[in-house]
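To start, the structure itself, in structure tokens.
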């Protein structure tokens with residue numbers, strides 16, 4: 001049975017919620033610095049009234065939404081169209097499945113960022129047959145003009161940039177607390193929608209066929225519920241599908257480490273000595289990128305297998321303490337805590353750059369730098385100098401938080417992979433035969449994961465080979481996948 | 001109950017048995033082309049007598065062995081000592097465990113190649129407390145001087161270079177058919193020892209605690225037995241442990257593809273266009289190596305996830321038929337059959353090199369080239385020209401069999417990984433508490449796999465980081481591993 | 001005899017003057033976005049008065065300068081000190097030569113950017129014995145607080161941010177038109193100081209021992225003067241010394257192409273197809289960087305030798321017209337004109353990014369896009385979309401001007417190489433024995449070029465090997481260089 | 001005037017003559033290990049008679065040649081045809097120029113290796129109008145069947161495998177000492193032909209229009225003659241043209257260092273630490289290759305500019321003495337002497353591999369290892385172990401001589417570049433207008449060097465871009481080159 005969760009539980013959740021970057025300054029984001037085209041900022045003065053206090057109506061007479069300003073719809077529609085141009089994989093899925101309507105009868109409540117890219121996702125869900133209601137998962141990230149474009153198309157969206165905490169939950173509530181409409185699917189990013197339903201409307205879970213969750217935080221919550229025996233519907237963890245993981249960690253970080261470092265410092269990579277802590281996917285991406293730019297990279301690892309890979313890839317494996325005196329940069333990618341501690345930083349040479357590409361903000365012990373003898377100098381956004389009594393300064397980026405979340409944008413390609421994975425997870429859970437999924441947290445089935453990849457191959461003008469019947473038989477595989485066991489990475 | 005296997009079953013086994021390369025021309029193999037030092041060839045004339053017909057005796061009066069020539073012992077001992085110098089990881093294990101003697105009471109029958117490197121393994125097993133008896137798994141691969149050195153040390157070894165089929169089984173029988181001695185562990189490479197016991201002495205399985213099998217063929221046999229409900233002891237598949245796999249496939253092939261191509265042709269890699277079929281570990285290794293040498297690489301794949309990785313690594317993904325006309329080389333790495341067929345070869349340009357780095361000899365349809373209009377010209381070892389009526393010739397390497405098995409040597413480092421994994425698998429199976437392993441085929445436990453890696457790190461002067469107590473707790477890990485879930489690669 | 005140059009000549013110069021990027025947002029540039037520390041912007045209101053109309057006086061009572069605000073001196077001094085920390089090579093030179101004072105009696109007029117980094121150069125010249133007077137070579141680039149710090153130290157500097165054209169020449173004139181002081185060396189960046197002296201005070205050339213010029217434009221002017229027989233003193237072309245060239249073109253571009261593309265678009269490099277026009281140093285840098293990030297790179301070339309290098313480095317050599325339909329990016333690096341023309345752009349696919357990393361703004365025929373049927377949409381700084389009637393849009397960066405000049409910063413390391421080269425060129429020209437240099441344009445002597453490199457090696461904790469006497473003799477070299485013929489690159 | 005050279009001079013020459021590798025086991029070298037097809041070895045017994053003592057006659061009745069066995073002609077012709085297939089660039093030149101006959105009236109005496117590839121060169125010269133006479137430049141390298149094929153076509157060739165020193169000079173003499181025929185061009189590889197004419201027939205130089213010399217030794221001799229004022233005709237140094245140099249040093253070594261190491265040892269490159277002495281073209285090639293295979297590379301340099309390049313390419317710059325204790329390999333590429341000395345070797349760790357890829361055999365002080373306390377063990381071809389009293393052994397390859405000359409083959413592609421360069425140099429010298437070349441040693445003109453490159457681009461299906469008229473004018477270039485100044489590399 002699904003019990004409501006106590007308030008105390010909520011607070012714990014809020015405290016541990018990890019920020020997710022999800023915004024792209026893609027070629028479609030003309031709005032962000034081009035007001036001339038009639039953007040939202042020009043309207044600011046009259047927007048001082050809270051959206052909750054305004055009654056807006058779209059051109060068709062519909063009022064089931066709550067957004068900043070319905071007049072921004074045209075501009076938002078252009079943004080969405082540009083995003084459609086770039087999210088070819090998701091659009092291909094939309095086209096392929098629109099006849100079949102695999103989400104007919106699905107009633108989805110969504111709680112994600114509200115941006116041009118996610119709008120393409122939600123409009124795809126609609127084309128595939130779903131009814132949706134949608135709130136923002138972040139009080140700052142909503143693109144108001146996109147929300148307006150959706151509202152203009154009768155899409156029930158409740159989100160604006162600059163919500164208060166109270167607004168945030170009010171919007172979520174407006175999605176689920178509807179007369180005569182009960183959701184049967186949840187699309188969540190951070191677990192807030194799920195949490196709200198658990199807390200306020202647990203009876204709704206009777207009809208819910210599943211939850212699709214994107215964020216690490218939300219997945220952590222679901223696992224906790226599952227352990228506690230309180231998870232009462234199946235859930236799919238979208239974050240850990242192979243395709244998404246490889247892009248988020250390996251391929252994306254390979255590019256964003258360079259990007260982030262250049263945006264915050266003007267360090268030249270050639271010839272620099274760099275210590276990279278951790279040789280998982282993120283560490284592999286960072287190491288490869290810096291090596292390619294001419295840096296000399298030292299790797300630290302605790303796992304001998306990853307360590308041996310680092311050796312075979314041409315990196316010196318060292319303990320941080322043994323190289324920290326002479327490196328020009330230290331980058332953490334371990335997912336662990338206190339990887340770089342005060343003792344290390346005391347040994348660093350003048351000008352050493354310290355930053356974190358791992359998952360938590362615990363990898364660098366920033367607290368240990370909050371002592372009277374050290375002077376902090378805020379140099380520019382994301383950059384602090386910490387100055388030792390003898391004049392030595394280290395350059396701390398993003399205060400030890402994840403560097404590329406704050407100093408880099410997510411390529412739209414990666415957003416497309418996420419959105420496509422979410423759509424397929426919804427389709428899978430909604431259509432799965434009784435019994436395929438229990439009250440547990442699942443990964444996307446391998447075959448669908450492969451399908452996400454195949455949709456994204458098209459961008460590269462890449463041509464897959466098809467198994468012949470004879471080959472499929474020889475290998476004991478279906479011609480249409482899955483081609484590897486589920487654990488294969 | 002363990003039933004004897006019928007003769008028909010044997011034949012199937014023999015037919016499908018895949019050759020394993022296992023020989024290294026390491027720095028210790030001075031014997032192979034330096035007879036001056038008193039090697040075996042000088043003695044050939046008198047060796048015409050079969051070892052089975054000679055009664056040899058070592059300096060201690062022991063006769064429980066059957067080898068080519070006990071007089072070669074000194075020379076063989078030097079070989080073994082050189083191998084010990086290079087197999088630092090295995091020697092470190094020997095040293096670490098010699099006090100504890102984890103194999104005390106173990107009685108191991110072994111059937112593997114008999115070389116300096118495997119001698120280091122068997123002598124290690126002995127130091128760890130085991131009694132061993134040993135036959136060769138291949139009729140050609142025995143180093144006679146090494147066998148002599150072992151025999152001189154009272155090691156019951158039954159093997160010589162150039163055994164007949166009958167000799168082969170006779171030697172195996174001499175290992176198991178011993179009065180007053182019954183094996184309790186099997187170390188196999190190809191499954192022949194296991195097979196023989198099943199066939200002739202099934203009662204021995206009552207005391208056997210487990211089988212450690214190295215070859216793909218042998219593992220395949222074990223899985224068939226398991227499926228058929230006939231596997232009556234636990235087995236550990238040594239071949240598929242993470243450390244071994246990465247080396248056999250990715251790291252080794254990255255080097256041996258270049259090596260093998262240079263040894264068979266004098267092709268220059270720079271600027272050449274190459275089609276690589278398959279982007280698994282072997283394909284990744286081959287692609288990376290040729291890209292690094294300045295080749296333009298096209299990749300073919302059936303699995304969209306691997307295909308997307310190829311794209312992100314900078315390779316054009318294509319169908320073979322679309323690029324086969326203009327490439328200078330085609331390399332198969334799929335594990336599948338008929339990947340390169342006659343239609344492809346008809347389209348290839350003059351001088352195109354065709355070879356296979358995958359697992360089987362089925363990837364290139366060599367049979368389709370056995371037609372009257374094509375002329376085969378044997379150019380040198382491992383190299384045939386197939387000449388079309390219009391004069392076009394393609395260069396077929398190793399007749400389509402696995403190229404690096406025949407044209408490259410296995411680095412001793414890789415042999416060391418195999419041997420160390422075998423030793424640890426024996427220790428694990430022999431000491432496992434009742435019930436840990438059932439009558440099934442297992443992988444080496446992750447923690448031991450990590451241990452193999454850690455022993456091999458020493459060669460690189462590589463320094464692992466140790467988790468602090470606080471970090472281990474934060475990660476929910478033991479400080480001593482395993483550090484990753486078992487499926488992590 | 002040195003004749004004054006006519007006004008007409010000036011105008012030609014001004015039209016062809018190419019912008020040089022020279023600003024770094026190095027770790028020392030705390031001023032740029034940190035006003036809290038008491039920066040210049042706070043003082044803006046009172047600064048509305050032109051510096052020319054204010055009489056400022058430093059703490060020592062000196063008034064021979066003209067800058068924005070002497071009160072900024074402390075802040076500027078900190079900037080200079082931070083720059084000193086980073087320009088270790090130049091500081092090493094300062095230290096090495098301060099005893100010898102090789103510029104004693106030198107009277108240098110300088111016209112360069114006025115920034116913390118160039119301040120380190122000028123203060124070095126002073127330490128080495130020179131008297132200097134200094135004006136800015138650019139009306140926008142002066143760091144006012146740095147100018148203040150110099151003025152406070154009695155350095156005659158005439159420069160502020162936001163000069164008018166008239167101010168610009170007035171400042172230059174204040175440097176040379178001094179009673180009782182005549183320059184004997186010119187340090188120029190753009191040729192304006194040289195031009196002004198030619199025009200107004202040609203008699204000064206009688207005492208001038210040489211000109212050191214940094215910019216391509218200035219060097220072009222000097223070559224024109226030389227061809228016209230009007231160059232009346234020796235000049236050293238600092239721009240084309242080997243060390244500087246390698247850094248400006250190969251190493252810097254390898255990093256800044258990625259940086260610039262990420263700062264203007266959020267394109268992901270992995271899997272993208274890119275055409276790079278030109279395979280000189282810049283093209284080599286761009287190609288290597290994008291290949292390392294997983295792009296598929298096509299190269300176009302006119303020179304067969306560079307083309308063959310591209311092939312050997314693993315790039316497909318193609319004509320732009322043959323690949324332009326399917327590439328995702330086109331990057332010009334040729335130094336030529338109309339490399340990308342309208343016909344190419346008509347064929348590009350939707351979303352194709354077009355940019356220039358070459359030297360001129362002529363490589364992309366941007367004018368051809370100024371036609372009625374194409375819509376220009378300014379998306380953000382440095383980014384325009386050009387939209388075809390069918391909706392196709394190409395993404396034009398920096399309007400076809402050199403991308404990394406506008407979208408990337410120059411690493412301080414490269415500025416240090418330039419400054420060190422300038423200092424050594426001044427020392428060389430000032431001390432050269434009669435007759436070593438004639439009225440012509442020279443490169444820095446190889447040996448000094450090597451010295452610049454050796455000073456910069458220290459940053460990398462790099463240890464040069466010294467020739468033994470025996471080796472030097474064997475090679476026919478001096479132990480102290482030069483080690484290569486002057487043409488060796 | 002051209003004076004005969006004294007005998008003493010000869011001896012010096014002979015002593016310093018450096019071996020040149022020039023043999024390829026290209027796909028055409030079926031002869032080398034396939035005697036079954038009717039090769040020369042079968043005929044050995046009757047061949048015991050010296051060719052000088054036999055009177056052979058070809059099928060046309062011609063006897064003006066001296067070779068091993070005219071019966072081998074058919075087999076040799078096939079070899080030549082196969083080489084033609086692969087030397088597409090030279091064949092393209094043959095085709096392009098056969099109408100024009102630029103060598104009509106040329107009388108060329110050649111002294112080079114006599115192989116299938118050089119046969120393609122000489123037959124090309126004939127097609128272009130030249131009369132040639134040809135001797136071998138090496139007593140071992142002649143392919144007898146190729147010589148036979150040439151003789152059968154009335155080509156006056158004097159060469160066989162296994163000549164005595166006396167035979168060697170006799171053959172050369174037969175080329176020049178001909179009644180009624182005087183050479184007017186010399187094609188030399190090692191300077192022996194040139195030397196012989198200087199010594200015996202100096203009067204011939206009156207008609208000689210030039211010398212084309214390929215080897216470093218020969219060029220050294222020519223420079224010595226030039227310095228001594230004794231060079232009486234122009235000479236072209238073929239070895240140092242840009243295209244040839246890049247291939248011989250950078251591209252070829254990038255591949256052959258791996259090849260040579262694998263052929264001599266079975267070392268695995270991944271994770272190994274390697275010291276590379278010298279970062280010129282050879283060092284750059286070796287470093288890049290080993291880095292790509294996962295080695296950790298340290299570079300030593302004397303030239304700060306090359307040193308800085310090493311840093312920017314990601315290599316640690318060190319002194320050999322500082323890293324020699326822990327590296328697994330030391331590779332010399334300096335061109336200098338005593339780069340690795342006994343002190344270094346005393347410090348090396350057990351198993352360290354030492355080899356030379358530079359030009360001389362002086363880089364490793366092998367003599368210093370010839371001391372009583374060290375034991376030399378010859379392990380296999382090109383491999384010696386040097387054993388220290390404490391048991392430590394180092395692995396010395398090729399006794400310190402140039403490793404890839406003995407342990408690798410030259411790709412036919414590189415031979416083609418050499419041959420094409422030689423042909424163009426002959427055409428240039430023969431047709432140059434009076435006065436273009438003086439009695440000096442020249443490089444191939446840039447434009448022809450570019451032409452060699454362009455002919456070789458075809459292999460790669462590479463497409464050069466052509467300058468438009470407008471572009472050529474803008475750049476101040478001819479549309480047909482040269483595109484770079486002569487010193488540009």
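For all residues, glycine too, the Cβ spot is worked out from N, Cα and C.
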- Query: Taking C:24-53, C:54-83 as the choices, which stretch does TrEMBL tie to region 'Disordered'?
  - Reply: C:24-53
- Query: What is the Cβ neighbour count of residue C:280 (NAD(+) binding site) at a 10 Å cut-off, with all protein chains included?
  - Reply: 19
- Query: Which of the binding-site residues C:280, C:282, C:404 have a Cβ less than 8 Å from any Cβ in chain D?
  - Reply: none
- Task: Check the Cα distances from residue C:282 (NAD(+) binding site) to each of the binding-site residues C:189, C:214, C:244 and keep only the ones within 10 Å.
- Result: none
- Note on the structure: Reduced DSSP state (H/G/I helix, E/B strand, rest coil) at residue C:301 (NAD(+) binding site) is coil
- Message: Measuring Cα to Cα, how many Å separate residue C:285 (NAD(+) binding site) from residue C:115 (substrate binding site)?
- Response: 28
- Task: Take every residue in the domain 'S-adenosyl-L-homocysteine hydrolase NAD binding' (C:249-410), average their pLDDT values, and give the whole-number result.
- Result: 95
- Cα-nearest neighbour of residue C:189 (substrate binding site) within the listed binding-site residues, C:280, C:301, C:404: C:404
- Note on the structure: residue C:284 (NAD(+) binding site), Cβ-centred 10 Å count of other Cβ atoms over all protein chains shown, is 23
- Query: Where the distance is taken from Cα to Cα, which of the binding-site residues C:115, C:214, C:244, C:248 turns out closest to residue C:280 (NAD(+) binding site)?
  - Reply: C:248
- Task: Could you state the whole-number distance in Å separating the C-alpha atoms of residue C:283 (NAD(+) binding site) and residue C:115 (substrate binding site)?
- Result: 30
- Tertiary neighbours of residue C:244 (substrate binding site) (same chain, Cβ under 8 Å, six or more apart): C:238, C:417, C:418, C:421, C:452
- Item | residue C:189 (substrate binding site), number of other Cβ atoms within 10 Å | 26
- Task: Find, among the binding-site residues listed as C:283, C:285, the one whose Cβ has the highest number of other Cβ atoms within 10 Å in the structure shown.
- Result: C:283
- Message: Just to verify: the residue among C:214, C:281, C:301 with the fewest other Cβ atoms within 10 Å, which of the binding-site residues is it?
- Response: C:281
- Query: Just how many other Cβ atoms lie inside 10 Å of the Cβ on residue C:282 (NAD(+) binding site)?
  - Reply: 28
- Query: How would DSSP class residue C:284 (NAD(+) binding site) in three states?
  - Reply: helix
